Amino acid sequence: MSSAEADSVPPEVRRQWQELAETVREHQFRYYIKDAPIISDAEFDALFNELLALEERHPELRVADSPTQLVGGAGFATDFAEAAHLERMLSLDDVFDTDELIAWSNRVENEIGKDPHYLCELKIDGVALSLVYRDGRLERAATRGDGRVGEDVTLNARTIDDVPERLSPSDDFPVPALLEVRGEVFFLLADFEALNASLVEDGKAPFANPRNSAAGSLRQKNPAVTARRKLRMICHGIGRTEGFSPKTQHEAYTALSVWGLPVAEQTARVRGLAAVQERIGYWGEHRYELQHEIDGVVVKVDDVALQRRLGATSRAPRWAVAYKYPPQEAQTKLLDIRVNVGRTGRVTPFAFMTPVKVAGSTVGLATLHNAAEVKRKGVLIGDTVMIRKAGDVIPEVLGPVVDLRDGTEREFVMPTTCPECGTPLAPAKEGDADIRCPNARSCPAQLRERVFHVAGRGALDIEGLGYEAATALLKAGVIADEGDLFALTEDDLLRTELFRTKAGTLSANGTRLLQNLQKAKKVALWRVLVALSIRHVGPTAARALATEFGDLDSIMSASTERLAAVEGVGPTIAAALTEWFTVDWHRAIVDKWRGAGVRMADERDASVPRTLEGLTVVVTGSLAGFSRDDAKEAILARGGKAAGSVSKKTDYVVAGDSPGSKYDKAVELGVPILDEDGFRKLLAEGPPETPAD
């Protein structure tokens, strides 16, 4: 850079660039070398893109050792021996929205023509690894490093079950003399959780997320430690080869699979950008169903000759890009851990955190399940923690960022008495991880939660009886427990401030609540069973019981063995039912509801044909003429079983709009799939008769 060029950059801009470049390099060091980042991927991407934009505006700043021009951990010395890659191991450029994806596609297609074939691959959130095979035998494994030279981790890589020592020959794909293959090392979520649990048990700091744990495990000094950690690998590219020249990336993956190397079964070959966007949308919706974490979809031009024409920059190929989903993980401060008492008395610790945006919503609260889970995760009050929110799933605290501790953090101590009523807490039975408040009858927290639960959509579905109303009715003393709900009168509601106008008359909400309570007296029996707050009894078991017995008295008088024999019930739920009905005040609730006119038996419609007797039907997607509950009840009313998952025992799958993974499973197993019209015909006529031999 000449002095004239250097002088053209304003001093304040140069200072901004120097500070930003130094910050980015510090975070790269923590990520690639220490395996202990202190900011989220999204926060790093924002810093990196800010640096990139600054260099776009002032190209003079784009020097050779800028973080934007280097790959991964370039320039950092480590304790592992160096290993030179035979062909440069590049990174990927990222795009974060549809406009950026279209801009990338336009650049590609302007060079090679319209609507090429693309490969869409899951972007696994792990650590990159390069393997070299000579004459089919594993010679060396190396991390990415700076893209030219990485770290030799051969001994550790050999402990990974997915990495074969020798390649399997094939007539279609002879084993090449030289094969350099690239892939990603990662943890399955279940294995990551088991590893963290064992670390905490040994008094060691847990990993903050699966990516960090994969990097840390691959770079262990003792290969025996790596061997115990159940690392996995997926191959996603090739480097230098001798004796193998695939025409497409897709062909390369087929060969790798034949040779015994792991490739992702979800990879799709599509034509044109519209099909790419469809795959990105699909995995954006279904990524939480995978057994491992992904943070996006990698899009590649499939034709190898076209890849060569497009070439690469100093850090990434021009023929591939990573579409990154909004972050599902973020870092925030754990301000406190407080406990909540639920409707069955379970005492649950919750993490109260500085609100942070993650997976499209603001999160400030997450469950920690029980004291054992708090210990297993190794979190302290005051920690900076990693949190995850996957779709509509309740946010989860993954673990602490140990490097950011300053000594002010403190351990959480589970209370020994109920914070609501003062009753000593204890497990329901020996060995339970959860502790409970045994004062079920009069603990204020349990009363509130049970009254609120009665009105839930999965129970009696009483609009107007929310958490605020449940609290107000109990506080006013117009109900002692949920048994009094159906005896409520206008005078009772007038004594409750929430339902009284300033003029002293009943509010519109109060009138609606009384009307909705009357309507709730005529609901299906399974809803009544759910509303009683019997432990373990949810909608599925309740439906099975209602279908089998038809009325509450028969359920109450049935033996535990008889209840357990009902499909979908089993011994645990059966024991909970028997125990619940032996308690006097529980039976008093049933008697109060019965006395108030709540229907305790299903009225079987003799006109409804038993067309689905003995059949198992699964519904997936949205149906125009049925809600999900309506469809299930239609199946049950005709003698069928409405299952929640697809198996070889499933007789039919009904697929509406936007079906999920159940549809894919049905295709895989060859289960008959019906649209809504086919479903209506099945309900009316039953399955077609099998012709006699």
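Numbering starts at 1 and runs along the chain as displayed.
Even glycines carry a Cβ here, placed using N, Cα and C.
Per Swiss-Prot, the feature active site, N6-AMP-lysine intermediate maps to K123; the stated evidence is sequence analysis. Close to K123 (active site, N6-AMP-lysine intermediate) in the fold, though at least 6 residues off in sequence, lie I294, D295, G296, V297, V298, A322, Y323, K324, each with a CB less than 8 Å from its CB.
Annotation source Swiss-Prot lists NAD(+) binding site at D41, A42, E43, F44, D45, S91, L92, E121, R144, E184, K300, K324, citing sequence analysis. The secondary structure of D45 (NAD(+) binding site), as reduced to three states from DSSP, is helical.
Within the same chain, residues at least 6 positions away in sequence whose Cβ sits under 8 Å from that of C418 (Zn(2+) binding site) are V341, V347, P424, L425, C437, N439, C443, A445. Under the three-state DSSP scheme, C418 (Zn(2+) binding site) falls in the coil class. Annotated Zn(2+) binding site per Swiss-Prot: C418, C421, C437, C443, in sequence order, evidence recorded as sequence analysis.
Taken from Swiss-Prot, the feature domain 'BRCT' applies to 607-693, supported by sequence analysis.
A 10 Å cutoff on Cβ-Cβ distances gives L92 (NAD(+) binding site) a total of 17 other Cβ atoms nearby, all chains included.
Across the structure, E43 (NAD(+) binding site) and C421 (Zn(2+) binding site) place their CA atoms 44 angstrom apart.
Break the domain 'BRCT' (607-693) down by DSSP state and the numbers are 29 helix, 16 strand, 42 coil. Ranking the binding-site residues D41, E43, D45 by how many Cβ atoms sit within 10 Å of each one's Cβ puts D41 at the top. A gap of 49 Å separates the Cα atoms of C421 (Zn(2+) binding site) and D45 (NAD(+) binding site). For the binding site of NAD(+), formed by D41, A42, E43, F44, D45, S91, L92, E121, R144, E184, K300, K324 according to the record, the largest Cα to Cα distance is 26 Å, rounded to a whole number. In the shown protein chains, 15 other C-beta atoms lie within 10 A of the C-beta of C421 (Zn(2+) binding site).
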